[in-house]
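A quick write-up on the structure given underneath.
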Amino acid sequence: MPKKVFIKTFGCQMNEYDSDKMSDVLHAAEGYENTQNIDEADLILFNTCSVREKAQEKVFSDLGRVKHLKAKGVLIGVGGCVASQEGEAIIQRAPYVDVVFGPQTLHRLPQLLASRARLGKPQVDISFPEIEKFDHLPPARVEGASAFVSIMEGCSKYCSYCVVPYTRGEEVSRPFEDVLVEVAGLADQGVKEVTLLGQNVNAYRGSMGGTAEIADFATLLEYVSEIPGIERIRYITSHPNEFTQRLIDAYATLPKLVNHLHLPVQHGSDRILMAMKRGYTAMEYKSTIRKLRAIRPDLAMSSDFIVGFPGETEDDFEKLMKLVNDVGYDTSFSFIFSPRPGTPAANLADDTPHEVKLKRLQHLQATLDDSVRAISASRLGTVQRILVEGTARKDASELMGRTECNRVVILKGQPRLIGQMVDVRITEASQRSLRGEVLTQDDTVAA
């Protein structure tokens, strides 16, 4: 009977990708199978995120809940950014943990577990071995028609509030051909949509074969779009400071590039953006969007926002709200600033009361919600191209898919539509999802 692994993932799409790779590595090396039932697991892994406040405490809280399973011989591991940040401190506080590993050493997980068994003591490896992990990962196992592909690791921007450069290291790009081979392999398995991942994908600089040539992100997009079977290309996350004209032009020449862009702005005040060390102004950010929408007028935008950064005044906040209203976002993520240990912003004086920050956040979120509702309503009666991903969560007799702009659509249809592209007329619109009717010849409604 195969051993089973339970993986709990926190945070971003990079962590989701890394969790899939942990599963692939363990399956290839030890035959592990995934389980959603923690009580039947032989190995429990927490793939952690350190971006938000109290991330470390959440990890130790989860560890405490599974400590009793050690009596059954269950192994426990902590990976991800909290592991990278805390390292040996995790073992000191939770000595029942067997392995601690960072985002760049997940490929060594089988060796760490073997060393734990051989030496009889916890193992820690949170080093930064450049891009080595991609050389040791087995071919991806995929289910469904969409997949993530990591094209680079780390970030070299060192925004004043962000812990990512310290937990994932500086920017390192995968070789150009390696990315193309992985995408082609996924296409051979039936994948129609790929999401290219990185902390800052538009900083991609991949070596091309044995030459001295370097491929930038726009070049990578061009080549990925030529791979047979791939019908949609997404990417996340990009940085406004490196959104080149070549990348903007790609929206005119690459129809497979979806009509959705997540471009984190963080704030709308130039003074706050400078304190954040973002490297651009609100006007420069909006200029990029104007250029993009000149090419794709209906381009759906999403973003990240931080409210209550140290020193934020009411005037700063009003400038943020102006930017939000000027752009018109279709879904976004917004948070109250939380200081991350070891970052420059953690040492900034902050005299804004929490109640004021909360009120500002609520105002921002209400405005963003209004924008989402208006955009949803504008979709009524339109025909949208949907990638059907599976059955709907609330009703297994219905199907669920996504539009190019990443909006969930519920529809009726036979299970054979799963994994297919279908045209759907939108008949209902709510804030977070749409409902539609299939228009193609495959429209055989399930009985």
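Glycine residues also receive a Cβ, built from the backbone N, Cα and C atoms like all the rest.
When DSSP labels each residue, the domain 'MTTase N-terminal' (3-118) comes out as 68 helix, 22 strand, 26 coil, counted as helix, strand and coil in that order. Among the features that Swiss-Prot reports, domain 'MTTase N-terminal' is placed at 3-118, with the record citing sequence analysis.
All chains included, 19 other C-beta atoms sit within 10 angstroms of the C-beta of CYS49 ([4Fe-4S] cluster 1 binding site). The annotation [4Fe-4S] cluster 1 binding site is assigned in Swiss-Prot to CYS12, CYS49, CYS81 on the grounds of sequence analysis.
Among the features that Swiss-Prot reports, domain 'Radical SAM core' is placed at 141-374.
When secondary structure is read from DSSP and collapsed to three states, CYS155 ([4Fe-4S] cluster 2 binding site) falls in the coil class. Taking the Cβ of CYS155 ([4Fe-4S] cluster 2 binding site) as centre and 10 Å as the limit, one finds 22 other Cβ atoms among all the protein chains shown. The [4Fe-4S] cluster 2 binding site annotation in Swiss-Prot covers CYS155, CYS159, CYS162.
If you look up Swiss-Prot, you'll see 377-440 marked as domain 'TRAM'.
Set side by side, the binding-site residues CYS12, CYS81, CYS159, CYS162 differ in how many other CB atoms lie within 10 angstroms of their CB, and the most is found at CYS81. Taking only the Cα positions, the spacing between CYS81 ([4Fe-4S] cluster 1 binding site) and CYS159 ([4Fe-4S] cluster 2 binding site) is 17 angstrom. Geometry remark: CYS155 ([4Fe-4S] cluster 2 binding site) versus CYS12 ([4Fe-4S] cluster 1 binding site), CA distance 14 Å.
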